[in-house]
Amino acid sequence: MAVNILTLPAPAKLNLFLHIIGRRSDGYHNLQTVFQFLDYADTLKFYTAADDKFDLIDHDSHIPRDENLVWKALTALRKTYEEKGITQLPGCSIELIKRLPQGAGLGGGSSNAATALVGLNQLWGSHLNSTELQAIGRKLGADVPVFIHGHACFAEGIGDVFTNITPPTPWYLVVKPNVSISTAALFSHPKLERNCSPVTADNWQQQKVANVFEPVVCDLHTEVAMLRRALLEYAPTRLTGSGACLFSTFETRQAAKEAQQQVPKELCSFIAQGQNRSPLIQTLTQ
């Protein structure tokens, strides 16, 4: 019988702001953003498996296994271990329990991949350090490294050069409009600001920062614009990532709860507190 040997969270993240400060020679954009984690997460459960086989149990996703980021993470980590000459790896089964909405700007898939890499590396003897795991994660998705890094940070480059910071940890009301965001449409939109003035890890809180995708998403999706206006009646509100989620900032959970009661019931919403140490890292160091 399979035995649960490790259970780890795959937390959400917020982009407290997001600027594009130019285009790189490789076609990517240079970004500046602040990542902060939430105490709201998917869960990965790791089980022993007979015959050294590997499996993924995903109850909620219609994504084929070979396209699932958890499976891609497992495959990539096995390959890296084998390149190091470590081939006798114990089999395991990973159960993915989803809680985070998809297509939300919360980094759910990337967080799943990061937790898979960190968890499997621990189960297999911790032969890779954080920098090596981040290098694997970078090939899976631009947001994977920050979840492995595990601390709130001011991020630059393509979002993978980190300076640790300790911003306030308020309560957030996070709401997902019922829209599907095309990232390609956002990057090609004429209203997208691509040359923001740079800020720094020390002064970003004193600057007029924003999410450059927010006006574009609101222009393309009136539902987002209307929800944003409604939430602004209660608290400062901003888009996270490229959307579709909006987050409103409150000093207390009660204030966030009162605002949540006004959110239409057909929309996905939740309340969470900001975390400067990732819940994944907190769990591993308990």
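The backbone N, Cα and C atoms fix where each Cβ goes, and this holds for glycine too.
According to Swiss-Prot, the features are:
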- K13: active site (ACT_SITE)
- P101, Q102, G103, A104, G105, L106, G107, G108, G109, S110, S111: ATP binding site (BINDING)
- D143: active site (ACT_SITE)
Find, among the binding-site residues listed as P101, G103, G105, G109, the one whose Cβ has the highest number of other Cβ atoms within 10 Å in the structure shown. G105
What's the number of neighbouring CB atoms sitting within 10 A of the CB on D143 (active site)? 26
Helix, strand or coil at K13 (active site), per DSSP? strand
Could you give the Cα-Cα distance between G103 (ATP binding site) and D143 (active site), in whole Å? 14
In Å, rounded, how far does the Cα of S111 (ATP binding site) sit from the Cα of D143 (active site)? 8
Which residues, same chain and not among P101, Q102, G103, A104, G105, L106, G107, G108, G109, S110, S111, have a CB within 8 angstroms of the centroid of the CB atoms at the recorded ATP site? A12, L100, G241
